[in-house]
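Reviewing the structure listed below.
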């Protein structure tokens, strides 16, 4: 699917130029940093920025002569040896606010025009269609030819895309006008607005904008103009579907006398990217043996360097001893903050750092305001220094990672890890034996699972500390697409943060893969480690969840080549990619002799033996289903050897051909989890998660407090996979719904004082979420309570489990708050097995302390973390939620 080329529409309409800020003449205050490290801290502050674009900057060689005072005297030194020089691209994201307007007016007698406009500059596309009289459902149709403005193109057979054009030079409004054909049987006009620059779709109250042209168009809360009389065109029954021309003309004149003009506005905000750069030069001063670092940037406004120094072969931040330069402050005894000096012309700022020659490097991030931190591709800026005069610092592209030899300590730890694994196996056998005895051993099994969790965490901790280290900066670009180390199959490292990279409407553009590529750097800088892509195969439904030919990877999201390029792009920025594998059902190519669709084509040309026998809709000759049936398509019989063989080959082919790192498994309730284990063993994913979604427990319409039966069903499925895949924590989502909506926060603690979802029983296999393409987006099957989304994210992004963030929420007004929570989770190294101590669970407030270094509360009630040996400071806060971290 292609989109409208609109290069002529103000191609650089929103390219910002940094305005020069004149603060008057200011004398330069040199920065002197005479550093002697004495305190070690963990690496701080993952950024909210993203990195693209490069710009050049002028630099002057400088040296700092040490004095007995607290400041230094700056003098030029042309003889300094350059040991490091780099220009880092950075990107700031700002929010522009404006409006979308819809106007209906009579331009001439009996000629009506509908205009849609936007006040924010950009490459705007109107994606629209119509509903005809007598239509049922929500599907669009294409409008009559004479209603299509110039420059419109057809999208398949259901929509039109028309570019908005700038009204006039110097005008900030973009608009498209549609001449209404009132002689046709069009009942309503439907549209969404798309920003070609960002790929964002703008809807009305979570649905399409709908402009009714008749009175009784169903109102789903998204009608425009109906309250002002628009739509008074007569009842549907009064407009014949087929008429001769003269009859239609007569009737349209009679029926459209009630048409009235209207004008409506809706607020809109757009995230705008501004490209800047940071230039860093490090020199060795031969006279003082100091390392002189120059940092220069064209970022506007006040820029603060949040920094630390490195030594002893690590990148851990260490705080120096005094003296500090002017405008430097201590941050939580973990880092220093130094405000850069403004340039004389006000366009950017710079600073000079004189560092001890024995140090190994300088780490820093940039702070622009309370919620804006900039780093480089999700990592701290790092300036390495020479360790000897004969070993120059290699650039990132030139370095090649070299594995270290195993030490005796590592070999010993490896043996100890094997002992732990043996113990875990024994515990698993213990669980199995209890099940075979058919005794009531639920509590025993739970205790065993908890013991396994502890042992697994211990083994993983040993693994992380003893795995041979590779240079973090020295990976060849050709090798970056396929990481050499896989920590485990199906369960990841424990520190994953998942981004769902699509919504229910993403297929409509036909170029979703290309749009995602443009967001790779930003998603990496936010701290995401895993991206979930939509189903890639040919599908009867455009969203991809009714697969047909599994080996045809040209879909409504893009071509197979675009898919492969997208995966490579995300690998390049350090993000793993999950494919959405629909294994439960498959749409047939041909009918059988009875006219039933159950014969398949393509490379996997199965017959009706591949279809389960107990679904009467599709007359399968396989065995009975091992799960629940999905009645919209033939359910596949996974008990058949040839089916499992073909699926395993297909998954392995997808891994090899596309480069997927793992799977999101659709509708796993439809077949036994043991088959999933078989598929995971064959494809060896880095991370895998299944969608096991069924109803929670209710009594007389009220949600039960105890949801153990619900989470037990999910845990049983995970057990059936032998833990080879995790599962979405539907239990936690459901309990959050009721707790937040009814102000019943006591629900968030189970009778044993633990989280009440899967995350409370098996956190390393629980993928927590608050929304996805089914529950939210334009489907809205189970939408999270409106206005309380950030409370949900404050919960899942601070708690154990693997959190998943929905695409629509990332690129919304919640962006900065979600980014701050992501930064906190990464900064404090929270993980899927983090320990939760629930401190409060009452009617109007829930509070917990995680790993003794993060405290959080949600709900309107009051809470402050307990005073003690820890010093708490507020890290993130918003409407009815607050998060603290230790200092």
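Just so it is clear, glycine is given a Cβ too, placed from its N, Cα and C backbone atoms.
Listed in Swiss-Prot for this protein:
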| type | residues | note |
| --- | --- | --- |
| ACT_SITE | 666 | active site, nucleophile |
| ACT_SITE | 691 | active site, proton donor |
| BINDING | 545-546, 664-669, 693, 695, 712, 754, 760-762, 773, 779, 857, 884 | substrate binding site |
| DISULFID | 499-587 | disulfide bond |
| SITE | 774 | site 'Transition state stabilizer' |
| TRANSIT | 1-55 | transit peptide |
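Shown here: features listed in Swiss-Prot, placed on the structure.
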residue	record	DSSP class
499	disulfide bond	strand
545	substrate binding site	coil
587	disulfide bond	coil
665	substrate binding site	strand
691	active site, proton donor	coil
760	substrate binding site	helix
773	substrate binding site	coil
884	substrate binding site	strand
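Nearest neighbour of residue 499 (disulfide bond) by Cα distance, taken over the recorded positions 665, 666, 773, 884: 773. Counting in whole angstrom, residue 760 (substrate binding site) lies 23 from residue 666 (active site, nucleophile) by their C-alpha atoms. When the recorded positions 666, 691, 774 are compared by the number of other CB atoms within 10 angstroms of each CB, 774 has the fewest.
In sequence order, 500, 502, 503, 504, 534, 543, 779, 806 constitute the residues six or more apart from residue 773 (substrate binding site) in its chain with CB-CB distances below 8 Å. Geometry remark: residue 691 (active site, proton donor) versus the residue listed as 'active site, nucleophile', CA distance 5 Å.
Among the recorded positions listed (587, 666, 774), 774 has its Cα nearest to the Cα of residue 695 (substrate binding site). Here the C-alpha separation of residue 666 (active site, nucleophile) and residue 545 (substrate binding site) works out to 8 Å. Just so you know, of the recorded positions 499, 587, 668, the Cβ with the fewest other Cβ atoms around it within 10 Å is the one at 587.
The closest partner of residue 587 (disulfide bond) among the binding-site residues, by CA position, is 545; the full candidate set was 545, 665, 668, 884. Fewest other C-beta atoms within 10 angstroms, among the binding-site residues 545, 665, 695, 760, 884, are seen around 695.
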